[in-house]
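Written below as structure tokens is the structure these notes are about.
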């Protein structure tokens, strides 16, 4: 029996189940049931019941299956247990096993070392470039006045953004943005294109995955080991950015990775520890003035240790209020930013490629105009006459250096510009000013309100443009601003001996991060490592819980929204509610494309040419037995190596083939082989391929009566790409393969007996 059917131009038979095969990325409801009654639907948008509508029918849901199939491929995180795999493991010596373990640890060590060096280098470059810009602008302001200084300031901003945007638009579009949605999708099983290319490495200044093309790295030519390296790399990246090694591990665990294993935790922790050592060494080297304008610093960026942190029931009320404000503003940010990204994507970027560059440059010019113009029109304030916190006043107020709590800007001696303390600074220095403790009255309420509105507006329109930029620091700035404002309002009520204004700024930053990103544990630890104040742990936990709860009532987390905007077929952790009303059998749509255990070469070539599926069920005994599941790439290797048989009753494995598991290793870069590039002669088309020794003989299977929700959960938790659905009756047979679309499933059914 040869049962070969082409089912359209669906993107890829990636995730399968079979009486058929179901692909959890294949079912998209239109309208999305999640927007109606889903358990993940925001509370304020839910209907009164989770029951289906009165006119509900299975056909309605089946009509949704296969909609909006994504052209993006999936990744094979499952171990392919075929005969070659078993031979490879049986033949491995103790030396090779030790070599494999040693290489794993060597890789994560090098990953931490390189990430630490790149992170330190980027921080040093940013501080020096920004410092030189601010010093030159201040000097020009003193010598020539407003307009020459503004032109210098705005021109340098636009010039830097222009270079960055050109690199992102014309060299590596994948380098734009924070990279978190792309890495999150990759670790979910989506083969996000070009995010780990050399171009992205060059444009972004670092990478979390390197091409494994050397012969002695043959052990890592599979998606499973690469996934572990990418996970360790994401933890190392956060650790380097915020000097928070433990927070980096928890960030990878909570936010980006979809599957986690015990040994991976240990390796990720080791990677971030290496990053911390590298950063500490670099900071120690900078203490001697060897880093130019880069400050001495340390692993604690915004140190608020030793600040007044006494609190009681009275302080819990403003903390809860901060959480509510953070949830509302964070969810509003997510909504507004997504609308702006959609607007520019629909009306500008799809029409003109250069529009992305113009957009970035215009936003840079607008940012420069706001950050330079608003402080210019701000009122000068007299310098304090006494020591404020850790800042002794006197000759240092106003301070004309790069970083200071009391910027002189255009103000005369003896006065300072509090708005310039925030605008005319790097984001890190502005955050330090907001977090500064023992500095009551440093900012006016009006200045904080102006800065909050401007920074919030700029963050909304900036995130998502074609530059390598993130969201953490702008979110911290917005939250710290209204947090300090709440602290100023609370000081007359609670007294000076309670929580400091800088502590309220810290809690405000936590609330905005929680309201926008919806993380809790990792954000809590990152903020503690940033500020070096463990006594704030209960309050940070409370404000994160409140802000996340409020934000979840309106929309999704910002990174989840951008995953959807980028079109990645991301699998959520929980099934859609409508899946509870369907069985795996009811989700099946297509008749499967199958191969016999020993198949004619011409038939194989024709099927590969007319379909884009990435796995095929292999049947034997006239379709009565499921032999296994064979990957498209493995079939391509057999064709390329000319592993042909002259007769259908021959066995290739008995001929002791020269092929090994290394021949079937996945390439580290590029798109791999394509059937169009393989030339097969007419004589070769009449030969046969033995698919049994390369087929995965133990694919995951479920019975057709299993609920779709349970099948989805199994698929998602095991990190599968294909899942076979087995008929309940013995007279019916398994097999089929669906694509990986923006939702979940696609499947087919093959009768055991063909009439």
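Along the chain as shown, the residues are counted starting at 1.
Glycine is no exception: its Cβ is also placed from the backbone N, Cα and C atoms.
Owing to the predicted nature of the structure, the values given are computational and were not obtained by experimental measurement.
What TrEMBL records for 1-42 is region 'Disordered'. Annotated compositional bias 'Basic and acidic residues' per TrEMBL: 25-38, in sequence order. According to TrEMBL, the feature transmembrane segment maps to 100-126, 146-171, 229-252, 264-283, 316-337, 357-378, 448-466.
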In the same chain, which residue numbers or ranges, 6 or more beyond the ends of the transmembrane segment (264-283), come under 8 angstroms Cβ to Cβ? 104-105, 108-109, 111-113, 115-117, 119-120, 124, 228, 231-233, 235-236, 239-240, 243, 245-246, 248-249, 252-253, 296-299
Return the stretch with the most CB pairs under 8 A relative to the transmembrane segment (357-378), choosing among 100-126, 146-171, 229-252, 316-337, 448-466. 146-171
Take a look at 146-171, 229-252, 316-337, 448-466 and tell me which one has the most Cβ pairs under 8 Å to the transmembrane segment (100-126). 229-252
Per the Cβ under 8 Å criterion, with at least 6 residues separating them from its ends, the transmembrane segment (146-171) contacts 129, 133, 136-138, 140, 199, 202-203, 353-354, 356-357, 360-361, 363-365, 367-369, 372-373, 376, 410, 465-468
Beyond the flanks of the transmembrane segment (448-466) by at least 6 residues, Cβ under 8 Å: 165, 168-169, 173, 176-178, 329, 333, 336-337, 340-341, 344, 356-357, 359-360, 363, 366-367, 370-371, 374, 419, 422-423, 474-475, 477-478, 481-482, 484-485, 488, 558, 562, 565
Intrachain residues whose Cβ lies under 8 Å of the transmembrane segment (229-252), provided they are six or more past its termini: 107-108, 111-112, 115-116, 118-120, 183, 186-187, 196, 206-209, 220, 264-265, 267-269, 271-276, 279, 299-301, 470, 472, 519, 521-523, 525-526, 528-530
